[in-house]
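Asker: Below are the structure tokens for one structure; questions will follow.
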Amino acid sequence: MHSWCDTDKEEFEEKGMTSTYLIMDNVSVVRFFILSGLNETNDYRVTLFTFTLLYYCMILFFNISIIMIIILDQNLHEPMYILLCSFCMNGLYGTTCFYPKFLLDLFSSSQQISYEWCLLQAFVMYSFACCEVSILAVMAYDRYLAICRPLHYQSVMTKRKVSQLICFSWFTPFCIFSINVLLTSRLKLCGVKIDRLFCVNWAIVKLACYESDTFSNNITAYFTLIIYLSQGLFIIWTYMYLIRTCVKSKNERVKFMQTCVPHLASLFTFIVAVLFDLMHMRFGSTDLPQSLQNFIAMEILLLPPVMNPLVYGFKLTKIRNRILGCVFLQENYRH
């Protein structure tokens, strides 16, 4: 028989929420979770809603603008820009799973989330983060070929090869985290409170009953960590090699500054966001203010989705010229 989490049950009963548990053959089955990250925001939820909505609109506008510019301009149908398009799509994919639900929670009396939606959100959040790593790795490989092997670039980075690399970037995390979520779904849980603004797989696993077997979850987590750490090391090695190569030639330095600096900015922003969240989730103190914990957890959904299209839009010459061309065309049309 599995133990009840009495604290969580009493909290639900006090708040008058729908029952979180179903009793089947003396086994407790969790049907809902409580997201407790918003507990300290009651006094300024309207302000938070306004700024969050504006920020999410910015994310949509910037990323969709870059995607549409690349799709509509034939001159941008090159590997680097196609990969950038995939990058922005991934930003939309991750943020769309969080911001609409978060905005609804700000005006909800109970921040509860269904068991199935929580698993889906955990899947999207992890696959979004790992897809970001894979796309950055593919972009690093693309820049390596363009700068260090320019004579072989066209023959290697064919349309078919680019399609294969994009499929690799998306489907690898999808497959890995499908297994992760399936393993989590088989666990019997003895808690319902998640001290975050959104669901992540590790937070759900921590709610497993004492006697539940989480060995498979841990093995899969370490296997996933090894895969994406190896991709991270590949990215770092590639850019170290590129920097060492480019310092020898002025032309190569110019090419590096134009096309690689945006990648490095995206990589740095992403690494900072992920490391802070991982370190806090695994080893962080629960004594930190809730607002600071929320910011650490949300960094990956705050910084990269806005920074990436802005950095690439301003730094990559073709995209910048296309944006400026659209702006000046609009001004001339008005006059």
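Each residue's number is its place along the chain shown, starting with 1.
Every residue gets a Cβ built from N, Cα and C, even glycine.
In TrEMBL, annotation is done automatically, which means it is predicted and not curated.
Here's the feature list from TrEMBL:
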- 62-312: domain 'G-protein coupled receptors family 1 profile' (DOMAIN)
- 53-72: transmembrane segment (TRANSMEM)
- 81-102: transmembrane segment (TRANSMEM)
- 122-141: transmembrane segment (TRANSMEM)
- 162-183: transmembrane segment (TRANSMEM)
- 221-243: transmembrane segment (TRANSMEM)
- 264-283: transmembrane segment (TRANSMEM)
- 295-314: transmembrane segment (TRANSMEM)
Asker: May I ask you to check whether the transmembrane segment (122-141) and the transmembrane segment (221-243) make contact, with contact taken as at least three Cβ pairs under 8 Å and only pairs 6 or more apart in sequence counted?
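Answerer: Stretch pair touches.
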Asker: Who are the chain neighbours of the transmembrane segment (221-243) in space, where the CB to CB distance is under 8 Å and they lie at least 6 residues beyond its ends?
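Answerer: Counting only partners 6 or more residues beyond its ends, the transmembrane segment (221-243) has Cβ contacts under 8 Å with 130, 133-134, 136-137, 140-141, 143-144, 147-148, 172, 176-177, 180, 201-202, 256, 260, 263-264, 267, 271.
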Asker: Taking only the residues in the domain 'G-protein coupled receptors family 1 profile' (62-312), give me the average pLDDT of this model.
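Answerer: In the predicted model, the domain 'G-protein coupled receptors family 1 profile' (62-312) has a mean pLDDT of 87.
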